[in-house]
Amino acid sequence: MSKDFVPGLAKGMAATAKQLFATPHTAEYPDVAPELPARSRGVIALVESNCTSCMLCARECPDWCIHIDSHKEEVPPASEGGRARQRNVLDRFAIDYSLCMYCGICVEVCPFDALFWSPQFEYAETDIRDLLHEKERLGQWVADVPAPPELDPGAAEAPEVGAANKPTRGGRR
Ligand code: SF4
Ligand code: SF4
């Protein structure tokens, strides 16, 4: 028997005894909801009114799991003699969560703040086809998106906030 056997055994027993009386780390989910970090990647929420159907997210998605359909609509000129414009109207926006790898690229690249992470993760399905979330369902996740964190003291105001608060010519906001 090695001379290190007894001290080693005692050390092991001491570690076991310590764990016997330690508070367990086991999470009692689903009886107790987990405390998730604010920036958890649970599900992607779509703010449909912000989406311009630019397709950037679908093109950058490494899994090709974003499906977008849209059509063009003519917008009449704002004033007489002006030129009519065209705008995209979103017909379909869907994310297939059976393929999504939660990389967050789509949220990062969206130039119009239409995609946000929600920490909600309880959307497991028994049928894999139900993991295809259409825009109506993606829109429902918006309610779970946490508010952005407060700015650091002394930080400059975001240009968007300044622009939104600027009085219009008629003196109204
Ligand atoms: S998180 Fe990544 S994989 Fe999932 S939809 Fe967005 S870009 Fe695609
Ligand atoms: S990048 Fe943003 S605005 Fe463009 S299609 Fe995707 S969600 Fe819509």
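Cβ coordinates are placed from backbone N, Cα and C, and glycine is handled just like the others.
As recorded in TrEMBL, the features of this protein are as follows:
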BINDING   Cys61, Cys100, Cys103, Cys106  [4Fe-4S] cluster 2 binding site
COMPBIAS  153-164  compositional bias 'Low complexity'
DOMAIN    42-71  domain '4Fe-4S ferredoxin-type'
DOMAIN    91-120  domain '4Fe-4S ferredoxin-type'
REGION    144-173  region 'Disordered'
Three-state secondary structure, Cys106 ([4Fe-4S] cluster 2 binding site) (per DSSP): helix
Counts by DSSP class (helix H/G/I, strand E/B, coil) across the compositional bias 'Low complexity' (153-164): 6 helix, 0 strand, 6 coil
Integer mean pLDDT for the domain '4Fe-4S ferredoxin-type' (42-71): 97
Check: same-chain CB within 8 A of [4Fe-4S] cluster 2 site center, minus Cys61, Cys100, Cys103, Cys106: Ile44, Cys57, Glu60, Pro62, Asp63, Cys65, Ile66, Ile95, Met101, Tyr102, Gly104, Ile105
Within the domain '4Fe-4S ferredoxin-type' (42-71), residues counted as helix, strand or coil by DSSP: 8 helix, 10 strand, 12 coil
Most crowded position, judged by CB atoms within 10 A, among Cys61, Cys100, Cys103, Cys106 as binding-site residues: Cys106
